[in-house]
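**Q** Take a look at the following structure, please.
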Amino acid sequence: MPRTDEPTLHRARWNDESLDDALGESPTRPWRPDRTAGETLHDRIVPERFHGTRWDPGPRGVLILAAVGIFVVLLAATSSFTDRPAAHPVPPITPVAATDPNHRTTANNPGAQPETATTAPASTSARPSTAAEVVVSVVGLVEHGGLRRFPPGSRVADAIKAATPHPEADLAGLNLAQPLHDGDQIVIGRTDPNPATSQHGSTLTNAAQSAAIPAAPTESPRPTTPPTRVNLNTATEPELDALPGVGPVTARAILTWRTQHGRFTSIDQLAEVDGIGPSRLARLRNSVTI
């Protein structure tokens, strides 16, 4: 039979408070801090003694920070300007010779002659049969002397009309229907007062005929009197007008120059007269004197 006098064993039940009373210490360990649910990252990083402290650099600290910021900005600007990319010279490009597309060779047959495009020579019919214009020299008793340009097929009458001859000009010795050739010279002179003479004052020198026709055999020279030269300092307007290549306008210009400068001391001074150029001066050298 069981013993009834032995004490009955009861299972002990402990709670946190009774455990704390029994042990006499807090359940929180000193090496494990108690973290609350509202703790932030800032509270964990910043020491507890600095919690609630406001950072104030003061006026001097503000000036120092501003100076540091300005220095950083200037340093960045200087670096951006000094670090610009440098320009490097580009090497010259070697020109490549262009190949003629009409010049072909046969790759499979090295001995074959290259094919070249043959161009037929231009036919002579494509070339103009006449020059583009005819240049004629008209001098003498005309208002507009000098070189005159005319279309092919023009005649002597066209050249005289363009040069505007003077009323006293001699046109009887000219064939007005004669065609003009490049390089012709028409000299318009004064009408000869003696009708018995066979030579007139105006002449036409044909450049084509003078080059094609050989010179006729010369006869024995006959004694001729040298032509009388006109004195530039004493000649009258009609005498100056009779000189080759000098008309009324040029004669009056010579008299005007003589009035302004006194007298001619050299034949080269004719170049200072209006209307007398180098070519006309060369023609007058053998006809005038001082």
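The backbone N, Cα and C atoms fix where each Cβ goes, glycine too.
Curation plays no part in TrEMBL annotations; they are all automatic predictions.
I grabbed these lines from TrEMBL:
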type	residues	note
COMPBIAS	1-16	compositional bias 'Basic and acidic residues'
COMPBIAS	31-40	compositional bias 'Basic and acidic residues'
COMPBIAS	112-128	compositional bias 'Low complexity'
COMPBIAS	194-206	compositional bias 'Polar residues'
COMPBIAS	207-222	compositional bias 'Low complexity'
DOMAIN	238-257	domain 'Helix-hairpin-helix DNA-binding motif class 1'
DOMAIN	268-287	domain 'Helix-hairpin-helix DNA-binding motif class 1'
REGION	1-40	region 'Disordered'
REGION	83-128	region 'Disordered'
REGION	191-228	region 'Disordered'
TRANSMEM	62-81	transmembrane segment
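Provide an account of the burial state, proximal residues and distances for the features listed.
**A** If you take every residue in the domain 'Helix-hairpin-helix DNA-binding motif class 1' (238-257) and average the pLDDT, you get 86.
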**Q** What else in the chain is close to the domain 'Helix-hairpin-helix DNA-binding motif class 1' (268-287), if you only count residues 6 or more beyond its ends and a Cβ gap under 8 Å?
**A** 139, 227, 229-230, 232, 243-246, 249-250, 253-254, 257, 261
